[in-house]
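A.B. asks: Below is the structure I would like to discuss, written out as structure tokens.
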Amino acid sequence: MACHLLIPAAGSGKRMGADCNKLLLPLLGKPILQWTLEAAIASKSIAWIGVMGQPHDYPEFQKIFNEISQLKPIRLIQGGESRQASVFNGLQALPADCDRVLIHDGARCLATPELFDRCDASLQTMQGFIAAVPVKDTIKVVNGLTIVDTPNRDQLWAAQTPQGFQLELLKNAHLTALEQSWEVTDDAALLEKVGLAVQIVMGEETNLKVTTPQDLAIAEFILKQRHN
Ligand code: CTP
Ligand code: MG
């Protein structure tokens, strides 16, 4: 069975400093969210897409949906106060025949269709995974401004999305989080907290999360190179 994809897109983009949701900002003439959706639509393995947004962005999101090929159903789902709450809402809106789900940040607009396909293939055998890349910098653990540890770099990976899970496992982890008031920044952390193994799928160096104006400039550079 083909895979279902949820795209959290209900943030405000504070760190971008724009006066709208950063996902609506233009990147080479197209909104960031449109790039993300086009990659997901081009992926062979995704059959259904749910986009979590804030109601005030619905008209702009709808315009984007109208711009792109409607080869796959795209459903608009109301987002929440946090990314975690937005994903929770998305999980409730999945069709009944869904048994595994990919989650991919709207802000990671450079992920390729091949990455989605690789992720879906991994989910055939894994209970949960995240796309990630080995870190290049040496990472320091700091208290105040004093270094307290230098973890071995061989064991450090930078988390990306897509992340993917068997649906029941992720739903249960989200319910436990709600009961226990856990707040996390990605879905893998919830499975880790309930003691389930989450694996790594090799991500892409260029799969950055557009967060600041500098990221937007870098994303533009990468896309120009790709389309040359
Ligand atoms: N997101 C969401 N619902 C929220 C907050 C964030 O669906 N309540 C989404 C964002 O739209 C984004 C992804 O989660 O696609 C990753 O979040 P982030 O990069 O932090 O985006 P923002 O929260 O919008 O940015 P900032 O933290 O700078 O405000
Ligand atoms: Mg945020």
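Just so you know, the numbers here start at 1 and follow the chain as drawn.
Glycine residues also receive a Cβ, built from the backbone N, Cα and C atoms like all the rest.
Pulled these from TrEMBL:
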type	residues	note
SITE	Arg15	site 'Transition state stabilizer'
SITE	Lys22	site 'Transition state stabilizer'
SITE	Arg153	site 'Positions MEP for the nucleophilic attack'
SITE	Lys209	site 'Positions MEP for the nucleophilic attack'
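Help me picture where these features are in the structure shown.
C.D. replies: Taking Cβ-Cβ distances under 8 Å and a sequence gap of 6 or more within the same chain, the neighbours of Arg15 (site 'Transition state stabilizer') are Thr211, Thr212.
For Lys22 (site 'Transition state stabilizer'), applying a Cβ distance below 8 Å and a minimum sequence separation of six or more within one chain yields Gly11, Ser12, Gly13, Met16, Ile32, Ala107, Val210, Thr211. In three-state terms derived from DSSP, Lys22 (site 'Transition state stabilizer') belongs to a helical segment.
Counting every protein chain shown, 13 other Cβ atoms lie within 10 Å of the Cβ of Arg153 (site 'Positions MEP for the nucleophilic attack').
A sphere of 10 angstroms centred on the C-beta of Lys209 (site 'Positions MEP for the nucleophilic attack') encloses 17 other C-beta atoms. In the three-state DSSP assignment, the secondary structure recorded for Lys209 (site 'Positions MEP for the nucleophilic attack') is coil.
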A.B. asks: How big is the Cα-to-Cα gap, in Å, between Lys209 (site 'Positions MEP for the nucleophilic attack') and Arg153 (site 'Positions MEP for the nucleophilic attack')?
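C.D. replies: Just about 22 Å between their Cα atoms.
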A.B. asks: Please check each of the recorded sites Arg15, Lys22, Lys209 and report the ones with a CB atom less than 6 Å from an atom of ligand 2, ordered along the sequence.
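C.D. replies: None, as no Cβ falls under 6 Å.
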